[in-house]
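According to TrEMBL, the protein carries these features:
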type	residues	note
DISULFID	Cys205-Cys226	disulfide bond
DOMAIN	37-153	domain 'Ig-like'
DOMAIN	159-254	domain 'Link'
DOMAIN	259-295	domain 'Link'
SIGNAL	1-15	signal peptide
Amino acid sequence: MKSLLFLVLISVCWAEPHPGNSSLEHERIVHIQENGPRLLVVAEQAKIFSYRGGNVTLPCKFYHEHTSTAGSGTHKIRVKWTKLTYDYLKEVDVFVAMGHHRKSYGSYQGRVSLRESSENDASLVITNIKLEDYGRYKCEVIEGLEDDTAVVTLNLEGVVFPYSPRLGRYNLNFHEAQRACAEQDSVMASFDQLYDAWRSGLDWCNAGWLSDGSVQYPITKPREPCGGRNTVPGVRNYGFWDKDKSHYDVFCFTSNFNGRFYYLIHPTKLTYDEAVQACLKDGSQIAKVGQIFAA
């Protein structure tokens, strides 16, 4: 009997990024200096869409009210970009610029810069986008005692998929779930990513970890084993659980596979290791779970 293998043939395929959302909404905190023009920071688009491996510009410009110039000339302009986390008291440093001085941080080193298309342009350019770059970014402009901020969300095109280990359902604590997603060439999905997947039709009865430490699952067709027939469709929330002691499945997110998915017919049954070698011999690699869901 012929057995069936799932493989991915590696090739170079690029998808054009979708244009950004045209919404002009932005968040800001204003600190006003007395006896001087007020500094305003504006993000022309609240959401930007891209994909893993692509390049993107997060828009941010600054102005002074009651004046047409970008800066007052009294103080040097300091631009700081940070990434917001689920703990709103914590932020991750991304990039800082003041005068001719530039500094990038962590995994962003060598991948970020200011666009500076004009003297009031503080937009951030990110190249070779990683899955971990998904999220909300804060642009802060400081001049003397004045400062203002704007927030931009970077969304990535991709797919959310549920994952459980070979041992069966509900065997992963939070940290094991993170590693499981990494092994599948993905990251833990956020609530927003899971919600978008649910709106696109994802229905899964097993609860899984999300990147904020919560445990949730999406239901499009209510039924007895999944909360009951009379409940409304939606993303069910188990709340937050102990990251070390609690065990669930996980929802992962991946993007931009750079390849195509196909079946390989083999004349004999194969073990997993034999299947891996058969894929390599055919000029490809064995498929990961996220690649199957995307296909």
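Each Cβ is built from the backbone N, Cα and C atoms, and glycine gets one as well.
The Cβ of Cys205 has fewer other Cβ atoms within 10 Å than any other of the disulfide-bonded residues Cys205, Cys226. Under DSSP, the residues of the domain 'Link' (259-295) split into helix, strand and coil as follows: 16 helix, 10 strand, 11 coil. Look at the domain 'Link' (159-254): DSSP puts its residues at 22 helix, 30 strand, 44 coil. Counting residue by residue with DSSP, the domain 'Ig-like' (37-153) contains 6 helix, 59 strand, 52 coil.
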